[in-house]
Every structure is written in structure tokens, then in C-alpha cells.
């Protein structure tokens, strides 16, 4: 829909949010951290924080994955099934190759390639064949799930010890996941400065205009899906470290959460506006909401409901605040 | 309503245009798939089998009716919460009737009210707060799934009344079960609603150009809220019928309807951008989808292979329908 909001009342806050779209999300994040601290002081300790990150690193990666397609106004409902496929493939390969350090690294590389390939398939189907992203990626998600089931029909094969002890372990006193976070942060900082990110946002903002200025729109959208596939593969490596086993359906539930994380992070689903930083914060918000619902002592059968309600309210609040500021 | 049908100059062009109509494509594919099914496993296209297929298609088709309305209304209209409402209605209906025919009417009442209520919340969020439909209904899905956990912990899962089960599976009139008649009735009602009422014209107007519809003085917001409420009600009705079909409800029975209902709409020729299309095509789309799944279960391949073929076939089918236009300078 055309944006009818007038761009006149540009207060200082408005300008700040346009520059940093993830600001409302950051405020929600800080608020949730404070609330978590009030109800369970120990939750703010270094150890609990590391635990939170290692549990939600997979969702953070998948949120980043989803962001790269949302930038150009697309969506990927197969992201979760790519996670599943890479998870079972990596597990199967590590088992086949003996489970030593070399096997682990080789399997991870192959996993990343599988993610890239899945992303390429999605890109060709959606942007190349010009199908509607929601339905087309749902169709490919069925296909990827089928592939995952071929690789590993039932959940259960364990990961080699070398893998999950590394993921959960410490090096020089610092947990491995923090190194992973740092590495990804550097990678994302580089990507953020690449011309491709701007091009994706331009395509998402106005596809026709982007085309008329000479941008290769189809190629840019395909690249978005390829990035999505790659980060979905990274998400799979994280989840493999966290659960230490293979499950052909492990990612299914994560797809919609990744979309929610992107929206929570202040990116517009219609494309053209957003940041990966916001999506990372969005994923953490989901994690902190889940933790908070537990810490305030919600009866176990009510936890899902309260979580769902809190996420819905956070989604609505985020959209209203950022629009109020942008208007 | 479609404005993109070019004036055809010759009979050949006219024939081609006819063959490109989504409904025609879907019907041809249905006949084709039936033939393939019969060839793969004799007896596949027998009247009894087709009837069973239509019952399953009716369940999907009823959910897709609401989905279709929301999508027609435009502004990226979509309802991801239908799956949750289907599950919720199934468990509520099971508890209200609890195996007794006397409970059917109260169960219908409860389901319709609950479906309309969640639709109302969705609609208010989308119109008054201007939350994108995908986000609003995605959030609502999470709430509904949580609510299902609460309900499941508090009350037993409940049973379908014999009357309801008979309505769904037993022949009622002319050898067809009640649910088929209900589906046909919904099809007629939808056609009437969309083509013959002011409301229907408003839906198309809002779906194709909201700004213009607003300028013309149409109640844009009320209409859109009504569409979401109807979607909730249709999902609730489908949930009740699903209970009758399976006898009792189990966890998240409705989830399998969320995205397939959207696929049925798209295969029926209603693009997700809204303002174009109709329900007749969606009905054919629902049959097509169920038929395809059914064929794959008769073929002797494992679950994994079946899913791969299903996914690939869906992509292939979509190539027949409303591909976006190539970019032009």
C-alpha cells in the first residue's frame, strides 16, 4: 500500500529510529533484561547469559537468514526446513566419516554448501520463475523436509562428542558460543557495508524503480535467498551443537519465529527497511520472553499461552512505536 | 472482474484465453490426475473413492473460503491463524457435545462465536492498529497454540456426537454426505456474496485499490474486519466438521490447514495481491490439492519421497497460475 503518512513531523526520536530501526527493539530488550533480573537475579549472571545465547543462537542465525530475503520484500517459509535438512545431513556425514575433528569440519562445510544450494533453489523458484514467495517457499519446504527424511527418517542419531563438547565448551576461559557470536558479528558488519545490502533494500523499497535504475533485480533477489540458505545452514550447525542429535523436523517450528524476530527487530516485512542487528535483537527478545514467563512463575500449562500473548503484544508495540516515530 | 484478459481477435486466441483461466486449468488437471490415479491403482477413480476424496477436500475448502475472502480484501491480506482456530473449534465442539446429539447446536453456537471473536481481534489489529495481516495472524497463531495447551490440560479431549459424524461421513441426500452439501451451499453463498451483493463489490474494490475505495466512501475498515471474522467462522466450522470426520480431536489437528488453505486459494486463481479471483476456483484448487496428496499415498514410495514429489509438483502447478509479470523498463 502506498505510504500516505506525511513525513513532516520529524522529531529527534523519529530521526534516530529512521537511522537505527532497531532502537524500539533494543528498548524492549533492555526492559526484558531488567524484568528478568528483578524476578530472577541470577538470570543476569555471565553463566545464564551464555546459556541463553547458546540456546537461541540458532534462532538468531535464522532471523538473520530471514532478514536477507525480507530486505528485498520476499519471505522464506522454507528456512526452518533448510535447518532440518542441514542438521540431519551434518549428523549423517559426521557419523559416516568417523566423527573426528576432520570429519566434523568437513561435514560442517558440506552443510554450508547444502544451505547455499537450498537458497539457490528458492531464489530460482521465487525470483527466477516469478512465483509468489509465500506459497512457493512453502512448496520447497515440503521438498526439503522430504529430503531431510530421506537422509534420516527418524530423530535420534547423536552428534559425535567432539562436536557438542566444542559448542558447549570454553577456550581460554571464554565460552565457544561467544567466539561464534563475535565471528558472526564481524561477518555481519562486513555484509552491512557491502553494496549488495543497499541494493536489496532498494529492490524491496520499489522493485520497479530499482529495475529502472539498472539494478539486476532478479539476481539481487536470488542472492538474498542464497544468503538466507547460508545463514539457515549456520543456524543448523548451532542447533546441532545445542541438541547434539539429528532430527528431520527440528527446524519446522523455527520458521515462523524467525519471521517474528525480523518484525520484532523493526524491519518492514514489505521490504526496503530494516537491519540484521534488529533481527538478532528480535530473536533474543523471543528468548527473553520465554525465560521471563518461566521466571515469574507462570503455571506450566499457561506458559505457552502467556509467551504467545507476550510475543503478539511485543510485535504490535514494535510496529506501532516505529511507525509513530517514522510518521 | 479480471481486467487483464486481453480482447481476443481470433477463435484460436479465445480458446487459448479460455484454457488459461485458472478454473479451467484446475478442472483439466483434476481430470488428468484422476486418470493417472486410476492408471496407477485401478479403483482410484471409483465413486466411493471420489466421495471420500471430496469429504477431505470439503474440510480444506471450507477453511480456504475464509482464507480466500481475506486474501481478496488485499493489503497483503492473509490469515495464518486459521489452523489454530480449526484446532480450537474441534476441541471446544468435542467438549460441548461430548458424544451427545443434543450438544450439536450449542457446539455450533460456541464454535461460531469463538471463531468470529478471534477473527474480530485479527481484524481490529489489522485495521485500527494497522498491523500487517501476516504479523497479526502469526502472533494470534502463537496465542491460539498456547490456549490449546491450557485447554488440553484442563479438560478431556471430548468426542464427536454420532449425528455430527454421520453428517460428515454418511450419505445424506442423493448418496452424498451432508458435508458435501454444506460445501456446495457455501460455494453458492460465496458466489452470491461476491458477485451479487454490495459487500462483495466492496471486497473487490478494496482489494484492488484501497485508496480509491476509501475516497468513494466505502467502509474500508468495517469491510476488512468482517472478512477476518468470516475467516474465523469458516475455520471454526471446518474444525467442527473435522471433529466429526475423525471422531475425536487431537493436538494441533488444524495445523495441517494453515498453509494448504493458502495454496488452494492460489491454485484456484486468486493471487495473494488480492482484488481478483473468486471461490469457485478455490474449490477446484482444494480438490486438486487433496487429489494430488491422495495419488501420492497410493503410489508405493516412502513418506520422504512422497513429500519431495508433492513439493516439486506444487512448484510445477504454480507455474500455470498468475506468475508475476517480467520487469520492463
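Here the Cβ of each residue, glycine as well, is placed from N, Cα and C on the backbone.
These figures come from a predicted structure and were not determined experimentally.
According to TrEMBL, the protein carries these features:
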TRANSMEM  A:20-39  transmembrane segment
TRANSMEM  A:51-70  transmembrane segment
TRANSMEM  A:101-121  transmembrane segment
TRANSMEM  A:133-152  transmembrane segment
TRANSMEM  A:172-191  transmembrane segment
TRANSMEM  A:224-242  transmembrane segment
TRANSMEM  A:254-273  transmembrane segment
TRANSMEM  A:280-298  transmembrane segment
TRANSMEM  A:304-322  transmembrane segment
With contact taken as 3 or more Cβ pairs under 8 angstroms (pairs 6 or more apart in sequence), are the transmembrane segment (A:101-121) and the transmembrane segment (A:304-322) in contact?
no
Among A:51-70, A:172-191, A:254-273, which stretch has the most Cβ pairs under 8 Å to the transmembrane segment (A:224-242)?
A:51-70
Candidates A:20-39, A:172-191, A:304-322; stretch with most C-beta pairs under 8 Å toward the transmembrane segment (A:51-70):
A:172-191
Given the cut-off of 8 Å on Cβ pairs that are 6 or more apart in sequence, determine whether the transmembrane segment (A:304-322) and the transmembrane segment (A:254-273) share at least 3 such pairs.
yes
Taking the transmembrane segment (A:20-39) as reference, which of A:172-191, A:254-273, A:280-298 has the most Cβ pairs under 8 angstroms?
A:280-298
What else in the chain is close to the transmembrane segment (A:172-191), if you only count residues 6 or more beyond its ends and a Cβ gap under 8 Å?
50, 53-54, 57, 61, 64, 166, 197, 227, 234, 238, 276-277, 280
